[in-house]
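S.K.: Just passing along the structure, written as structure tokens.
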Amino acid sequence: MADNEFDIDAFFASHGEVSSPENQHCGFIAIVGRPNVGKSTLLNKILGQKISITSRKPQTTRHRIMGVDTDGDYQAIYVDTPGLHIEEKRAINRLMNRAANSSLSDVNLVFFLVDGTHWTKDDEMVLTKLQKSNFPVVLCVNKVDNVQDRNEVMLHMAEMSKKMDFVDVVPISAKQGKNIDVLRKHVRNHLPKATHHFPEEYVTDRSQRFMASEIVREKLMRFTGDELPYSVTVEIERFDYNPETDGFHINALILVERNGQKKMVIGKGGEKIKTIGREARLDMEELFGRKVYLETWVKVKSGWADDERALRSLGYIDDL
């Protein structure tokens with residue numbers, strides 16, 4: 001073979017079979033449920049990597065995040081939504097509900113996540129919205145690994161299955177990955193023939209800048225008390241790649257509403273903010289695959305969570 005001749009067999013051997021547009025399937029799957037039921041954990045497990053932050057605290061997810069899973073001819077675009085909840089006392093809560101509701105449009109399948117042990121008023125609210133829609137819904141009964149009595153889970157599932165004509169009722173553990181393969185089969189069955197929306201290597205529609213802000217916010221929730229999650233946000237003021245250091249230089253501004261919260265974030269002798277910064281930097285380096293130089297500041301901005309102008313500048317309105 002001449003040096004400049006293209007070896008098509010070698011190309012396919014190294015790159016795998018290229019999906020042709022006429023054989024492609026593509027569609028959207030909304031992951032919905034009340035706050036803190038495991039939606040982001042499920043998305044991360046399906047994708048095999050972390051794109052949506054998690055914590056034990058409710059309403060960790062504030063934005064609508066898309067995760068892209070491409071397998072040959074099939075591309076599934078998952079939409080992780082903020083938890084739908086009844087209380088809408090603050091502007092940020094109203095916007096989170098609106099972002100979650102707007103995700104329930106033009107989807108091909110819905111995963112409705114509920115807890116494997118109990119049913120709440122917020123679950124009932126989500127169910128009511130789904131009953132009014134025409135979308136096929138798979139009821140995903142999560143956290144079954146936390147229940148010792150198998151009969152208890154089966155009885156709970158039987159009761160919930162009567163609430164709506166579900167495509168299927170699947171017991172899962174988002175954390176352990178139990179029955180993820182069953183969910184994938186349902187996804188394939190509901191993806192229409194359509195050209196892929198994203199290149200094969202894409203995993204999310206969100207930018208690295210956005211992911212950096214979310215990682216810092218996750219560490220804030222992990223290392224601070226229960227009061228902070230609803231009163232803190234993160235704005236990335238600088239996100240630059242420096243070829244000399246072959247790394248990202250990132251400045252993160254942490255906004256809180258009161259001086260007491262600022263002291264809580266900084267900690268005694270600045271120890272807490274150092275821990276938050278260190279842990280965030282390590283996660284960013286793993287995600288971005290490069291060295292990260294992260295600097296963090298804390299600033300008091302009273303009432304930001306009730307100010308729609310401030311929320312718009314911080315990117316919350318863009319989800320609608």
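The backbone N, Cα and C atoms fix where each Cβ goes, and this holds for glycine too.
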S.K.: Any idea which of 2-5, 142-145, 222-225, 266-269 is down as region 'G4' in Swiss-Prot?
M.R.: 142-145
S.K.: Hey, does DSSP put K39 (GTP binding site) in a helix, a strand, or just coil?
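M.R.: For K39 (GTP binding site) - judged by DSSP and reduced to three states - the answer is helix.
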S.K.: Counting other CB atoms within 10 A of each CB, which of the binding-site residues N36, T81, V144 comes out lowest?
M.R.: N36
S.K.: What residues elsewhere in the chain lie close to the region 'G4' (142-145), defined as a C-beta under 8 angstroms and at least 6 residues from its ends?
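M.R.: Those are 37-38, 42, 113-117, 153, 171-176, 178, in sequence order.
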